[in-house]
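S.K.: Handing you this structure, nothing more for now.
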Amino acid sequence: MNIHEHQAKAVLAEFGVAVPRGYPAFSVDEAVQAAEKLGGPVFVVKSQIHAGGRGKGRFEGLGPDAKGGVRVVKSVDEVKANAEEMLGRVLVTHQTGAAGKQVNRLYIEEGAQIAKEFYLSLLVDRETSWVSVVASTEGGMDIEEVAHATPEKIVTFSIDPATGVFPHHGRHLAKALGLTGGLAKEAATLLNQLYAAFLAKDMSMLEINPLIVTGDDHLRVLDAKVSFDSNALFRHADVVALRDESEEDPKEIEASKYDLSYIALDGEIGCMVNGAGLAMATMDIIKLYGAEPANFLDVGGGASKEKVTAAFKIITADPNVKGILVNIFGGIMRCDIIAEGVVAAVKEVGLKVPLVVRLEGTNVDLGKKIINESGLNVIAANDLSDGAEKIVKAVRGAA
């Protein structure tokens, strides 16, 4: 689960992390009130969306010379004018895709004197189950660009959760960022604070870009991005309260109600599969045959008829879907349950695109019988390769 920048900073502040003063604003009036509280002389008006690249983004409906989603201004009147221009508009960045995201809230923050910029992040290393710390002197840039152009400027080290942060970790971070004296001590303190927040809130990623040295020689978090482990939300009611569903895909929200693992993609072939590994293999083979998957959807091993019906409805709700491939290898998941769910969903919502079904495993004969006797126009597949080839051919033929 992702949250907005202003929420991330509020969470970090609970652990003593130094962040600039600021206030969220959901209207122009609230933006003006926030600026008046801050007092100036410099304000930063920040669009709040769940995507990076806001500063370099562009607003739909504004000219090519218009400013991006993060603007530095020097008066309350300028805060008001920019808030009027930004709120309600769609901001397009390199992470949002062409559709962009509508800006429904702003963050009005005090300006800061920037002497240096750094990059710092914490994330889970899934190979070791340790917490990886990634640091770079190249702050304010996309870390992917830094990794590609100057990988030697990125330093990574890991922290064992069994022992936590030791003094040498703080020294390692300070050295990586070229900090000495008081700033080196602040870096060590900051690492302890961030690590404490990371563990206490079950974060999966904590990214600070940039971490700055201010004009008066102190470290301060200028931007923060936080993602939480969705599997741990049951023990964090305070984190769940921060969720902004307007930033999420409605289909993904619906899928979460049925405990379905669903991720929307940009392709044209919808997929319904049991098992994450098989789902990824299914997407790969669709691409192998020259098409693109419209989603990742894992119904899991113990899906009910109702769950399968919901999954099928979610797939068909995507207007980009031109065909559907159901690929089930029945182990715990019975093929007859899948068949009943597909038949029920098609009878309820109709079938306007080609449907290819590949069933194998537990109760496969019963599953095939249910589909064959349903009267539905379903294309049967013998195996995964056959299924992918048939759905791609059917979609291309219908185009």
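Just so it is clear, glycine is given a Cβ too, placed from its N, Cα and C backbone atoms.
According to Swiss-Prot, the protein has these features:
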type: BINDING; residues: LYS46, GLY53, ARG54, GLY55, GLU109, ALA112, GLU117; note: ATP binding site
type: BINDING; residues: ASN209, ASP223; note: Mg(2+) binding site
type: BINDING; residues: ASN274, GLY331, ILE332, MET333; note: substrate binding site
type: DOMAIN; residues: 9-254; note: domain 'ATP-grasp'
S.K.: Check GLU109 (ATP binding site) against DSSP and tell me helix, strand or coil, would you?
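M.R.: In the DSSP reduction, GLU109 (ATP binding site) maps to strand.
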S.K.: Quick check: of the binding-site residues listed here (ASN209, ASP223, ASN274, ILE332, MET333), which one has the Cα closest to that of GLU109 (ATP binding site)?
M.R.: ASP223
S.K.: Find, for the listed binding-site residues GLU109, GLU117, ASP223, the residue with the lowest Cβ contact count at a 10 Å cut-off, counting only other Cβ atoms.
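M.R.: Checked GLU109, GLU117, ASP223; of these binding-site residues, fewest Cβ neighbours within 10 Å: GLU117.
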S.K.: Give me the CA-CA distance between GLU117 (ATP binding site) and ASN209 (Mg(2+) binding site), in Å, as a whole number.
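M.R.: Roughly 8 Å, rounded to the nearest whole number.
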S.K.: Tell me whether MET333 (substrate binding site) sits in a helix, a strand or coil according to DSSP.
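M.R.: The residue in question, MET333 (substrate binding site), is coil (DSSP, three-state).
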S.K.: From the Cα of ASN209 (Mg(2+) binding site) across to the Cα of GLY53 (ATP binding site), what is the distance in angstrom?
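M.R.: That comes out at 11 Å between the alpha carbons.
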S.K.: I'm trying to understand the geometry here, so how far is the Cα atom of GLY331 (substrate binding site) from the Cα atom of LYS46 (ATP binding site), in Å to the nearest whole number?
M.R.: 50
S.K.: By CA-CA distance, flag whichever of ASN209, ASP223, ASN274, ILE332, MET333 among the binding-site residues is nearest to LYS46 (ATP binding site).
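M.R.: If we rank ASN209, ASP223, ASN274, ILE332, MET333 by Cα distance to LYS46 (ATP binding site), first place goes to ASP223.
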S.K.: Least buried of the binding-site residues ALA112, ILE332, MET333, going by other Cβ atoms within 10 Å?
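M.R.: Across ALA112, ILE332, MET333, these binding-site residues, the one with fewest Cβ atoms within 10 Å is ILE332.
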S.K.: Using ASN209 (Mg(2+) binding site) as the reference point, find which of the binding-site residues ARG54, ALA112, ASN274, MET333 has the shortest Cα-to-Cα distance to it.
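M.R.: Nearest candidate: ARG54.
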S.K.: Would you give the longest CA-CA distance, in whole angstrom, between residues of ASN274, GLY331, ILE332, MET333, the set recorded as binding substrate?
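M.R.: Farthest-apart Cα atoms in ASN274, GLY331, ILE332, MET333 are separated by 10 Å.
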S.K.: Tell me the Cβ neighbour count for GLY55 (ATP binding site), meaning other Cβ atoms within 10 Å of its Cβ, over all protein chains shown.
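M.R.: A count of 16.
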